Amino acid sequence: MSDPVEVSPEKLSDLEATLLNTSGNVPLHNRFRSLFTLKALKNEEAVNIISKGFADESALLKHELAYCLGQIKKPSALPILEQVLTDEKEDPMVRHEAAEALGAISSTSAIPVLKKYVTDPERCVRETCEIALAKIEWDNSEEGKRHREEEKRAQMQMYTSIDPAPPTSGLLSGKPAPEVASEASINELKAKLLDNSLPLFERYRAMFALRNIGTPSAVDALAAGFTDDSALFKHEIAFVFGQLLSTHSVPALLKVLHDSHESDMVRHEAAEALGGIATPEVLPHLKEWMQRGDSPRVVRESCQ
């Protein structure tokens, strides 16, 4: 993990004013840029400023605030994240991201609140609490400690994000050995990914293992997960495609974006992934759903 970045008080004040839109006319994409600059600071000032943003009305922004607090991994963010999770009037997508952030920080002090909401009426919230609890348990297990040590020694971390689950055993966060990426291995991981009888945490582990392989066959295996009935699961696949930036995933992502029957949280994540891939054929589709009157706000803002 990189060291915190130092900035002047004046710069911090500017970042806060932009993120919180104190002028009332800051475009959303500029607010996001300030948010990710604050995320890179990884300090208490950043946590404090980001935490103030939950008063905003944009679910998309608030969900991203929660994500960034999890990635900063400061225990000082635990109270605000717990407050967001326990606010049953808050958008489920925001509450889910708060629960995931609690898992990313991985403090055992978050276990009671996660256990309380593992039976939440909102499926994406309870499923995220289930995964976060499993991650905290795994992080504190001997396997989890060995995994972190192996990653440090191998220096193979391709993705800097703190993931909701580690890749399936034997796959580090970096480029796998050629034999690991065999078609047989991909098919085995795909079977685990699609197996509804397995705990979500184990299916997520297969998902991130396929991400780390990253070949067209692995992308196809991940895309098969869009047939699942869990919006949380499908939104994570779209997020993974946004990390991979593989043009091979564009057709599957476009299909999700255009499916008006699909969950908003899945479509928004597909839009963000398409924006990251940014091939020429993507732009007309993003413009279409940004301008359509029947486009849900979170989808419209993601396209923007």
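All positions are counted from 1 along the displayed chain.
Each residue, glycine too, has its Cβ placed from N, Cα and C.
Annotated Fe cation 1 binding site per TrEMBL: H63, E64, H96, E97, in sequence order. Residues annotated as repeat 'HEAT' in TrEMBL: 77-117. Summarising the annotation, TrEMBL assigns Fe cation 2 binding site to H235, E236, H268, E269.
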Point to revise | Cβ-centroid neighbours of Fe cation 1 site H63, E64, H96, E97, 8 Å, sequence order | key: A59, K62, L65, A66, Y67, M93, V94, A98, E100
**Study point:** Count of other CB atoms lying within 10 Å of the CB belonging to E97 (Fe cation 1 binding site)
**Key:** 28
Review point. Within the repeat 'HEAT' (77-117), how many residues are helix, strand or coil going by DSSP?
Key: 34 helix, 0 strand, 7 coil
Review point. Which of these binding-site residues has the least crowded Cβ, counting other Cβ atoms within 10 Å: H63, H96, H235, H268?
Key: H235
Point to revise | binding-site residues compared (E64, E236, E269) - the one with the fewest other Cβ atoms within 10 Å | key: E64
Exercise for review: Within the same chain, and leaving aside H235, E236, H268, E269, name every residue whose CB is within 8 angstroms of the centroid of the CB atoms belonging to the recorded Fe cation 2 site, in sequence order.
Suggested key: A231, K234, I237, A238, F239, M265, V266, A270, E272
Review point. Roughly how many angstrom lie between the C-alpha atoms of E236 (Fe cation 2 binding site) and E97 (Fe cation 1 binding site)?
Key: 11
**Study point:** Pairwise CA distance, E269 (Fe cation 2 binding site) versus E64 (Fe cation 1 binding site), rounded so that it is a whole Å
**Key:** 11
